[in-house]
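Have a look at the structure below before the remarks.
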Amino acid sequence: DCAFLLYAVYIPLLIAIYILELIVILRHRRQYYSSFYLIFSVIAAVDVLACLIGTFLFRLPLYPIVYGYYESLLGKRAWIPPLHALGYYFNCLSQYLGVLMAANRFTAIFTPNYHDKIWRYLLIGVLLSLVIAVIPVWILIQLLYEYPIAFVEDTQDAEYPFFVLEVHWIPQKAIWLNMAEVTVVCNLICTFIYVACLIKLSLYSISRNSTVERNFFIVGFSSMVISLPYTAVMLFMYLVVIDKLPFDAKSMLFVFYQVPWVTDLKYLSLAPILLITNISIRRSITAMFRSKREQKAHIIISSHNYFPRKQ
């Protein structure tokens, strides 16, 4: 329950930062109209949805504090397989969009004169990512209906029973194979791109918007580095489930306990990184709250003037 309360504090906080940043970007569209912010906005929406679905399906059932609710979900539920597949779809989509952000930084740093012209077709890239992300989960969708999944009670610990999502071996194997391949390949591509950009930034100066482009690079590069533990976990699952490499029980248990934390690093790190590195976003958020306080104070003063005290 202590871990549950910790999740209940930092997950809503980080999601709130995402929401504030998206509100600022939408409110000040002219100021933040660029391919980078558009990609960031799509990634933010996808990562938040992936985090919420993953939390509901895999994290919350482990905690006694919500035992009663998941007890009511025992048995087959028609909506669980599509929600399960949707969670993995958002994971794949997030990986592809991460490659898109890396490519965006590559063109901004290596071909600044053609960058804006290239990213006029950003919508095509996003739509392509939406379609390609279906491929790794398409087989999974078919298998999940052939081999239904459901919440089951795990009573190994009689004092603190919990629930897990029971998935048949065949779709489970497809899940780890596809997730490992997508995650590892996408992160390798991003690593090569960001390393090339880092070398370019180190050796040469960027004539146009150097500070802005450097900060945008830091956002993308940092999010890629922070997501590497998640990639390592996916690779571990691949080695254990597909290649059946021998691992002792303690090592496997240690890895499984790290899954929620590394997943949060992957999905929720982009918001605070942008907030830390982007002074314009910070000022816009501060101005938004200051404006609300001023409006509230104005309403209070107006009400006081409208209803004068009786003499």
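The backbone N, Cα and C atoms fix where each Cβ goes, and this holds for glycine too.
Keep in mind that what you see is a predicted model, and the values were worked out from it rather than measured.
According to TrEMBL, the protein has these features:
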type	residues	note
TRANSMEM	6-26	transmembrane segment
DOMAIN	17-245	domain 'G-protein coupled receptors family 1 profile'
TRANSMEM	38-66	transmembrane segment
TRANSMEM	86-106	transmembrane segment
TRANSMEM	118-141	transmembrane segment
TRANSMEM	182-204	transmembrane segment
TRANSMEM	216-241	transmembrane segment
TRANSMEM	261-281	transmembrane segment
For the transmembrane segment (6-26), sequence-distant contacts whose Cβ falls under 8 Å of one of its Cβ atoms, 6 or more beyond its ends:
32, 37, 40-41, 44-45, 47-48, 51, 55, 59, 260, 264, 268, 270-272, 274-275, 281, 284-285, 288
The domain 'G-protein coupled receptors family 1 profile' (17-245) [mean pLDDT, rounded to integer]:
82
